[in-house]
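K.L.:
I am attaching a structure below and will ask some questions about it afterwards.
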Amino acid sequence: MAKKVAVIGAGVSGLSSIKCCVDEDLEPTCFERSDDIGGLWKFTESSKDGMTRVYKSLVTNVCKEMSCYSDFPFHEDYPNFMNHEKFWDYLQEFAEHFDLLKYIQFKTTVCSITKRPDFSETGQWDVVTETEGKQNRAVFDAVMVCTGHFLNPHLPLEAFPGIHKFKGQILHSQEYKIPEGFQGKRVLVIGLGNTGGDIAVELSRTAAQVLLSTRTGTWVLGRSSDWGYPYNMMVTRRCCSFIAQVLPSRFLNWIQERKLNKRFNHEDYGLSITKGKKAKFIVNDELPNCILCGAITMKTSVIEFTETSAVFEDGTVEENIDVVIFTTGYTFSFPFFEEPLKSLCTKKIFLYKQVFPLNLERATLAIIGLIGLKGSILSGTELQARWVTRVFKGLCKIPPSQKLMMEATEKEQLIKRGVFKDTSKDKFDYIAYMDDIAACIGTKPSIPLLFLKDPRLAWEVFFGPCTPYQYRLMGPGKWDGARNAILTQWDRTLKPLKTRIVPDSSKPASMSHYLKAWGAPVLLASLLLICKSSLFLKLVRDKLQDRMSPYLVSLWRG
């Protein structure tokens, strides 16, 4: 008899979790509190239902080839970066293609998820749900929580003295949908993440003035990179990841800063990272131009509000502010769990590989999508779901929970004492995390093996963008179309741009032509290092750290 799995949420991660359950012959039942799929990608005119939704002008930050499900590429005519409507259409196509809708119970709220009395033997859960005022109870063999981390708006009013005296409008970005209603107003946006940048840029076209306040600053990335190719596809490559492991981090950071400042000087634009703060990045194509045109004014952090003004850290005062928009993120919670599980699941240090809670005797509960990645969250959550369903089925194993819990508790104590830094909120390197989870499943691509069997494919896998299809080339869940998807990914990237063909126009050399000149030596070196132990790689990197940085910097400067 197939194991019954409860999937909480029918957003991006919920849909992939349903499909992965079906792929492993499990029996999923998905509970979705709204009336449709897509989660935050389903646009609504308001957020009165308490659910976080996208604002109307939102455009994806990760290109289509990097943010698709691994066995379901976007149509070639889809734009590389798309609005929320196009992306939701893709989710709908995915759900219909794999016949997932029949597993979803809409307008159903999960009230509680509790361990059954015999949990230590069975690993089963009691799940109580409510639909149209009627409660239902069911027993499940496993649970996948796919509610994401955009749940509760974080509105830190207590951190801003005088905010309660302010007579203007105060709102969180969750409430922002369209720029209408802000015409002629002076708007202060607090927080500079992707959302803060987007809202500030959009309001700069209608508001009288937009002030953008940031404590830390940020590096601003554009969606397009060299030769106009999508930025994600140019930097998220195994060859780049290999180089990053060998070359000194100081040198790599210097190169990155030099490249980003080449577009515009971040310090001159008031965007440079505050000294002592961690570097962070946002994707925004228009912010520099808006600052250059004076439509957006960069400000330091706010230290105090009055009835109509804001006082900033640098001593400046901005008068006659009409609206304050907090783009200060979200907090996540699991109200349907009991303590101590409820609190433990909010601490990422107590989640094995950011997925499995460590305090459970049986690995029958998984938190999907509670992770920050330097890349596509969609492909990351899909790979998590593939791993989790195989653990549920007994095909993959995880270490004993007692040992993991002990190690995590010790690490937490060391963090509190200042011995270790708390990195739980840091974003994970995309390729490293994906490879880690793929290795647990048995789907991590073997570069040496690919090079021996299929050199052309190996070349694309190592030097090309690390698209999700790479994790369908081998092992469980292998997809016969993965090879072709990888070899044609640039065709799908360029197809939506080919709307005006100029006869006999000169075509710039592609990146692959340049790679061929230096790729073979790097590939050979990487193959040798891959065959060696990671200890050897670490030794090489450590030796190079201090010795190479001054030389490389001086060489680069000429």
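Glycine is treated like the rest: Cβ placed from N, Cα and C.
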K.L.:
From Glu24, Glu32, grab the residue that Swiss-Prot records in the same FAD site as Gly9, Ala10, Gly11, Val12, Ser13, Leu40, Trp41.
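P.N.:
As annotated by Swiss-Prot, Gly9, Ala10, Gly11, Val12, Ser13, Leu40, Trp41 share the FAD site with Glu32, chosen from Glu24, Glu32.
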K.L.:
Please give the FAD site's span as the largest CA-CA distance among Gly9, Ala10, Gly11, Val12, Ser13, Glu32, Leu40, Trp41, to the nearest whole angstrom.
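P.N.:
Pairwise Cα check on Gly9, Ala10, Gly11, Val12, Ser13, Glu32, Leu40, Trp41 gives a maximum of 14 Å.
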K.L.:
Under DSSP, is Thr60 (NADP(+) binding site) part of a helix or a strand, or is it coil?
P.N.:
coil
K.L.:
Please compare the binding-site residues Ala10, Val12, Leu40 by how many other CB atoms fall within 10 Å of each one's CB, and tell me which has the fewest.
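P.N.:
Per-residue Cβ counts within 10 Å for the binding-site residues Ala10, Val12, Leu40 bottom out at Leu40.
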K.L.:
If I take the Cα of Val12 (FAD binding site) as reference, which of the binding-site residues Asn61, Gly196, Gly197, Asp198 has the closest Cα?
P.N.:
Asn61
K.L.:
Could you tell me which three-state DSSP class Glu32 (FAD binding site) falls into?
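P.N.:
Glu32 (FAD binding site) sits in coil per DSSP, no helix or strand.
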K.L.:
Can you check which residues sit near Glu32 (FAD binding site), meaning Cβ under 8 Å from its Cβ, same chain, 6 or more apart in sequence, and list them in order?
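P.N.:
Those within reach of Glu32 (FAD binding site), by Cβ under 8 Å and sequence separation of 6 or more, are Gly9, Ala10, Gly14, Ile104, Gln105, Phe106, Lys107, Thr108.
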